[in-house]
């Protein structure tokens, strides 16, 4: 008799995705981040669900409901901080996952890659709306500043912003709809993640060499299930260390006073995981130009397959490209630092140089390096 996991309509899908899936024998720990992102998403949905049970999406009570969760609800404080810091872990895993894709040329799986970019946008939108919900000072002003960027769109801009706000400023209507969207989006992300996996399983995983691994496959279970469990344990360890020892480390103290439309915080800035994009936005003096640069800083990922000029897929055997890749990482860290600094000398010029460097590396220098490496192969 055939095993039930191979015949049952539902179990068959699980089996083909997580048990009998043929996987490359040499994928490194950089391939763990996909499963870690899945765990982050499940964790965020669960903690978010329990927070939503006690949260009220109303301007007068939102802030106090979050305070109530932290003070009066059983283990409310740990649920709240797991949710807030879980978002940080989510983005750390996302950046690692995307970086892995760039380094090892995984973007040549076009469908998987493009769904991944959509997932990145969806996650960023969700995190932004979630940051507005506690209705602290930075929540309110962050929402005001970022939504206001849409007014840079010619002709329809102002109407669009007021439509999103549900009024003439960020108010009750805005908070309520942000809560509604923040609740539904993770489920859309989960659905997209399944499509992401569906496309990935059409081709199979890439591996560090970038060479086809069809000749040397091993079953996903037990090899990669146990490896994923180890990754998950390390993720939970890191998250709980953050939550239990320094839960406010990555937060902004400016979000502790309740929202006050009459008082602007000295430095409006988003959570740390948006700072690199925020720095690119601020480095262009023109409003529309800044917004375009902001969107393009992420959307540029879609161009990666077309900018790939190398004869090799992975960067494993391409030292010049490796150097440029790590310069890009350093550049992104510089942008993240600049995004959190006030708009004054020397930060302005550093931010502008780092922004130029970012686009220059991706659009010009890396494709050039690949071409040079192709020619070096002939020697």
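Yeah, the Cβs are placed from backbone N, Cα and C, and that goes for glycine too.
Per Swiss-Prot, the feature heme b b562 binding site maps to 83, 182; the stated evidence is similarity to another entry. Around the Cβ of residue 83 (heme b b562 binding site), the same chain contributes 44, 47, 48, 51, each under 8 angstroms and 6 or more positions distant in sequence.
The DSSP secondary structure for residue 196 (heme b b566 binding site) is helix. Shown in sequence order, 112, 115, 116, 119 are the residues of the chain, 6+ apart in sequence, with a C-beta less than 8 angstroms from the C-beta of residue 196 (heme b b566 binding site). What Swiss-Prot records for 97, 196 is heme b b566 binding site.
The feature ubiquinone binding site is assigned by Swiss-Prot to 201. The Cβ of residue 201 (ubiquinone binding site) has 16, 17, 21 as same-chain neighbours under 8 Å, each 6 or more residues away in sequence.
For the transmembrane segment (33-53), the residues of the chain that approach it from at least six positions outside its boundaries are 69, 79-80, 82-83, 86-87, 89-90, 93-94, 96-97, 100, 182-183, 186-187, 189-190, 193, 228, 231-232, 235, 239, judged by C-beta separation under 8 angstroms. Per Swiss-Prot, the feature transmembrane segment maps to 33-53 (among others); the stated evidence is similarity to another entry.
Annotated transmembrane segment per Swiss-Prot: 77-98 (among others), in sequence order.
Annotated transmembrane segment per Swiss-Prot: 113-133 (among others), in sequence order, evidence recorded as similarity to another entry.
The annotation transmembrane segment is assigned in Swiss-Prot to 178-198 (among others) on the grounds of similarity to another entry.
Same-chain neighbours of the transmembrane segment (226-246): 29, 32-33, 35-36, 39-40, 43, 78, 81-82, 85-86, 88-89, 93, counting only residues six or more beyond its ends whose CB sits under 8 Å from a CB of the stretch. The transmembrane segment feature in Swiss-Prot is assigned to 226-246 (among others); the stated evidence is similarity to another entry.
Residues 98, 102, 105, 107-108, 110, 113-114, 117, 120-121, 124, 149-150, 152-154, 276-278, 280-282, 355, 358-359, 362-363, 366-367, 370 of the same chain sit 6 or more residues outside the transmembrane segment (288-308) yet have a Cβ under 8 Å from a Cβ within it. Annotated transmembrane segment per Swiss-Prot: 288-308 (among others), in sequence order, evidence recorded as similarity to another entry.
Under the heading transmembrane segment, Swiss-Prot lists 320-340 (among others).
If you look at the transmembrane segment (347-367), the same-chain residues 6 or more away from its ends with a CB under 8 A from one of its CBs are 279-280, 282-284, 293, 296-297, 300, 303-304, 307-309, 321, 324-325, 327-328, 331-332, 334-335, 338-339, 341. What Swiss-Prot records for 347-367 (among others) is transmembrane segment, and it gives similarity to another entry as the kind of evidence.
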Checking distant contacts: for the transmembrane segment (320-340), what same-chain residues at least six beyond its ends satisfy Cβ-Cβ under 8 A?
99, 102-103, 269-270, 272, 274-280, 282-283, 310, 347, 350-351, 354-355, 357-358, 361-362, 365-366, 369-370, 372-373
To the nearest whole angstrom, what is the C-alpha distance linking residue 182 (heme b b562 binding site) and residue 97 (heme b b566 binding site)?
23
